[in-house]
Amino acid sequence: MTEMSFLNSEVLAGDLMSPFDQSGLGAEESLGLLDDYLEVAKHFKPHGFSSDKAGSSEWLAMDGLVSASDTGKEDAFSGTDWMLEKMDLKEFDFDALFRMDDLETMPDELLATLDDTCDLFAPLVQETNKEPPQTVNPIGHLPESVIKVDQAAPFTFLQPLPCSPGFLSSTPDHSFSLELGSEVDISEGDRKPDSAAYITLTPQCVKEEDTPSDSDSGICMSPESYLGSPQHSPSTSRAPPDSLPSPGVPRGSRPKPYDPPGVSVTAKVKTEKLDKKLKKMEQNKTAATRYRQKKRAEQEALTGECKELEKKNEALKEKADSLAKEIQYLKDLIEEVRKARGKKRVP
């Protein structure tokens, strides 16, 4: 009896923890684990569950879950019929069981999409060979020991929790009665930003939709895997051709700094002005020297002519003086001759 109750509690714990376990997904895996539990049950000693114990059980509050056997002489499968029946999980008090008094209400759509997100990011982790990104624990205050009770849970029963008032006003009323192997399709309009608390890579997906990407798969990669894959790196795929180093120039050599263009232009202008000024000064010097030489030559010529004329004038003066002397001498001579004739006439 103790072994079967332990098996019952273990299966029920697996049922409750399977929505948060990524390894317990899929109907075929659940059925295979169910067969394993049945094989284990064969080795146990057959015991029957009385209807009184089944009615007073805190875990199973249903009268038809266990078939009563008073004799205890049936086979090993007589007490495992309850495993094939459907159970109504609404009767269980999960808040008291898992100590979730302060846990906020979770939307029903997030519980349904949790399995899809696990299947979506599982192949990405295997391809990139990176550590899986740390996801936020949707059960805020659950201890780690309770979460890792059973890594291979056989069933995936989901209990619809009451939604928040703001979420109920914007989404239609869905009555979830999920069975084994059922699929849930949720439109994009029903998905609210609340899913960012459970999926840490939603902001990266939104950024990838804004910028054009090379792949049309629509899967957003994690930052670790994004850095790991060279074909999706933004530095190599969107780098401008100017930023790539030329093959002729080595990477270590840097271009030498040149003078600013303004300084070189002003220096050229200054040198040109200085050259023009020097040329003009030289031209003025040559012109002045030529002018002085010309004036000097003219002056020398004038002085030479003046000297010659002065010499002629002096010569003429001397000649005039000599003539004047001769005239005076002749006058004196004529006067003496008159006087002498006059004396001769007067006796």
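Just so you know, glycine gets a Cβ as well, placed from its N, Cα and C.
If you check Swiss-Prot, you get these features:
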CROSSLNK  Lys256  SUMO2 cross-link
CROSSLNK  Lys268  SUMO2 cross-link
MOD_RES   Thr211  phosphothreonine
MOD_RES   Ser213  phosphoserine
MOD_RES   Ser217  phosphoserine
MOD_RES   Ser222  phosphoserine
MOD_RES   Ser229  phosphoserine
MOD_RES   Ser233  phosphoserine
MOD_RES   Pro234  4-hydroxyproline
MOD_RES   Ser243  phosphoserine
MOD_RES   Ser246  phosphoserine
MOD_RES   Lys307  N6-acetyllysine
REGION    202-296  region 'Disordered'
REGION    276-296  region 'Basic motif'
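Around Lys307 (N6-acetyllysine), no same-chain residue at least 6 positions away in sequence has a Cβ under 8 Å from its Cβ. Helix, strand and coil counts under DSSP for the region 'Basic motif' (276-296) come to 21 helix, 0 strand, 0 coil. Using a 10 Å radius centred on the Cβ of Lys268 (SUMO2 cross-link) and all shown protein chains, the other Cβ atoms total 10.
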